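Going by TrEMBL, these are the annotated features:
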TRANSMEM  A:20-43  transmembrane segment
TRANSMEM  A:73-104  transmembrane segment
DOMAIN    A:78-289  domain 'ABC transmembrane type-1'
TRANSMEM  A:111-132  transmembrane segment
TRANSMEM  A:167-190  transmembrane segment
TRANSMEM  A:211-237  transmembrane segment
TRANSMEM  A:268-293  transmembrane segment
Amino acid sequence: MTYHRVLTRPRPQALRPNSFWLLGPAVLLLIVWTQIPFVLTLYHSFRRFNLLNPERQGFVGFENFASLLTDPIFWTAILNTLVLVGSVLLITVAVGLLLAVLFYQDFPGRALARTLVISPFFVMPVVSALIWKNMLMHPVYGLFAWIAEGLGQRPIDWLATYPMQSIVMMVSWQWIPFAMLLILTGLQSLSKEQLEAAKIDGANAWQEFRYIIVPHLAQTLSVVVMLETIFLLTIFAEIYASTSGGPGLATTTLPYLIYLKAFGEYRIGVAAAGAVFAVILANIVAIFVLRMIGRNLQGGRT
Amino acid sequence: MSQGQRIRWELTALAYLAAGIMFFPIFWLFLTGFKSEGEAIAIPPKLIFQPTLESIQEALTRSDYGLHFLNSIISAMGSTALALLLAIPAAYSMAFYPTRRTQGLLLWMISTKMMPPVGVIIPVYLIFRDLRWLDNVWALALIYTVMNLPVVVWTLYAFFREVPHEIMEAARVDGASIPQELLRVLLPLSVPAIASAALLSIILAWNETFWSLNLTSAQASPLSVYVASFKTAEGLFWAKMSAASMIAILPVMVMGWLAQRQLVRGLTFGAIK
């Protein structure tokens, strides 16, 4: 409300501070290090530029894009990215929803238990890759191998046999807490009266969940899906520290491919073209998130 | 025990079970950090053993560990301090003196956070190379500032908007200048918001790995890069790896525990109420 009041009753100009000096530095920094580099990425995507052979430079039109689009590796990377993001989304939203419902109720020691559940989110991605790759999934010394042997099974070399599934598991473990925390926040804004009324009308626990909680959470869930998509599209460290994109190309995602092209093959032009695709992919989702944030901004206080 | 009570009890047990499963990998890492190298890879895994501080000591006393730890502190704290310095005036201006363009500006700032790092890494790398900023921890801190600025601005803006305008107006009527109004009136009121924005920014910068891997090497690399060097440890040095990892994640995990409530607000930009 305050927002509107100020808008409708502007202060005398003399009393308003010069917002140029207050906002300028922050805006300038963001322009210099995000907008200008992106424009340069666009520029490089139309040029030939190999760091190993820097003399041979020049404008090549859409050649970089064409060489990417006709390269099966690029399509494998796109597919891997979509599989990774899609699977992690499914798992984190489903498990996050269940956990949020569990932690919605009050029970002794809830704060401690919730703290333990969300801890994986604060673990450095490299460290979580090392934990999973070595101590849990290692085919000889790993805990999973030991459990498999105890059950009379042959131990599995997880990262070699099921590389993408293993990465999905690792990344899901890190992002379940994020989904759970957001959904829990959404649940807590659910009105108690509505639930009471449903109980009086004879709704059982499942019906209550299905017809009251889920619809209420629809907006929350869409925010979780969109924000997670944006963050998951940039997953890099987990792959770098566990599989390095392999075996073969099994876990090479778009960010990892761009990294390989730029810093492995030094092909700046092709890498820049890949980066343009990455930005387009992220923006498809970002537009919707920003629209939602904008709506909430106009709706008064947050 | 009534049926309702029993279901309640079962759900509680389930919540504890979930907590145990989610935390287990971290617990296992911590446990391994207190083992000797032989015990770390023992099969069957050792739950009961003579805990030793050997690996932790060794990790800490290695000369380069201190350097990387210091780099992590400089890049996380330095970027957070700079982000606050830039974000406080910006959020103040947008919250108290909005114009027609304020909302668009705020959304634009948030949108920069949604730009994937790979979208800008190549030019930033080339600029850093030309400026001789590669492997410079302060330059890395600058990138982290840019990365976290939208989150910090947003967190502060959301808080400032809740501050009653009358308080600020009273100060203005009493003849306070803008810096005075900011420093003496607004900042003391905003300590909780500034603290949570700072915590969030430190956590994000500390755990960041894409920029640090690509922009730093031996001299300026923070712990994330150092720990990544263990990635080829096939059954070797697991105790040392665990000890080094444990010290690397413990400080920010504690911060995360403290900041868990503000996390949602800061990372969703008000998309969830």
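Placement of Cβ uses the backbone N, Cα and C atoms for every residue, glycine included.
Unlike curated records, TrEMBL annotations are generated automatically.
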Among A:73-104, A:111-132, A:167-190, A:211-237, A:268-293, which stretch has the highest count of C-beta pairs below 8 Å with the transmembrane segment (A:20-43)?
-> A:268-293
Between the transmembrane segment (A:111-132) and the transmembrane segment (A:268-293), are there three or more C-beta pairs closer than 8 Å, counting only pairs 6 or more apart along the chain?
-> no
Cβ under 8 Å to the transmembrane segment (A:73-104), counting only same-chain residues 6 or more beyond its ends: which ones?
-> 110, 113-114, 117, 164, 167-168, 171-172, 175-180, 182-184, 186-188, 209, 213, 217, 221, 224-225, 228-229, 232-233, 235, 249-257, 274, 277, 281
Mind checking which residues of the chain, 6+ beyond the ends of the transmembrane segment (A:211-237), have their Cβ under 8 Å from one of its Cβ atoms?
-> 81, 84-85, 88-89, 92-93, 96-97, 101, 124-126, 129, 171, 175, 178-179, 182-183, 185-187, 190, 194-195, 198, 203, 253-256, 259, 278, 281-282, 285-286, 288-289, 292
Report, as numbers and ranges, which residues of the same chain sit near the transmembrane segment (A:167-190): CB under 8 Å and 6 or more residues beyond its ends.
-> 83-84, 87-88, 91-93, 95-97, 99-101, 103-104, 117-121, 123, 125, 128-129, 132, 212-213, 216-217, 219-221, 223-224, 227-228, 231-232, 235, 238-239, 242-243, 251
